[in-house]
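Presented below is the structure to which this report refers.
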């Protein structure tokens, strides 16, 4: 692994705290998105009216925090390991980052494969999180949710929607890493020099690199989220069912019984959450990496 990018512990710690910060700040958006997707007749206004207290907006924060912080730590460590292996012998870096620079197809593949692998590992937490956030299950805690799924559906219940999740997360992550790395190269050239500060070696200062990385993350996440939105709706519907429902069956039901537009339910909320989450998580990740290096 490239020494410039730090060792595995640095990526684990940086990814963990980046993911944790983003989920604590943005959990209300995730909860509203889940409830908006669970029923075809819902509107954001009606979902908000059903929220009884402000505290309820943070329902499911614990499983979300576990999934996102652990998932981010594992994903970013695996992503860096695979990218560093492909970049071995190369010293190419962008001005705002310690991460290795790869060709576009390599960014696409490493992002997609790393996310698919970590997504399967964290799938049980994801299922519990979605059930906990919805209004269809009145769980009083994670232990109760875990026992109920195990007793009623068995081990298979913890991996419900795995195919839809992989079809959503792998393309999203691949597109995101590709776009993110390109944006980090383009933004310093596109922005006025007065907005950017650099040291004697040409590397951007901490405030400038944080701005470039944050804006790059926001823009990349916005586009990747829009393109993969239908898979998110299908995944949520599958995970909320107590009986086995397939990917194709769920897709056919939404398109034929409801309307194709339903596939994009919750997009505005997911767009806000994913874009801001990427901005927070990747911004913290990249800057913590420099401090720990």
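Positions of Cβ are set from backbone N, Cα and C atoms, glycine also.
Lifted from Swiss-Prot, the feature list:
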REPEAT    6-85  repeat 'Solcar 1'
TRANSMEM  12-37  transmembrane segment
TRANSMEM  60-86  transmembrane segment
REPEAT    102-186  repeat 'Solcar 2'
TRANSMEM  108-133  transmembrane segment
TRANSMEM  161-184  transmembrane segment
REPEAT    208-291  repeat 'Solcar 3'
TRANSMEM  212-238  transmembrane segment
TRANSMEM  266-284  transmembrane segment
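Secondary structure of the repeat 'Solcar 3' (208-291), assigned with DSSP and counted as helix (H, G, I), strand (E, B) and coil, comes to 74 helix, 0 strand, 10 coil. Within the model, the repeat 'Solcar 2' (102-186) carries an average pLDDT of 90. Here the transmembrane segment (108-133) lies next to the transmembrane segment (12-37) in space: the count of CB pairs under 8 Å, restricted to residues six or more apart, reaches at least 3. Per DSSP, the secondary structure of the repeat 'Solcar 2' (102-186) breaks down as 71 helix, 0 strand, 14 coil.
In the repeat 'Solcar 1' (6-85), the DSSP tally of helix, strand and coil residues is 68 helix, 0 strand, 12 coil.
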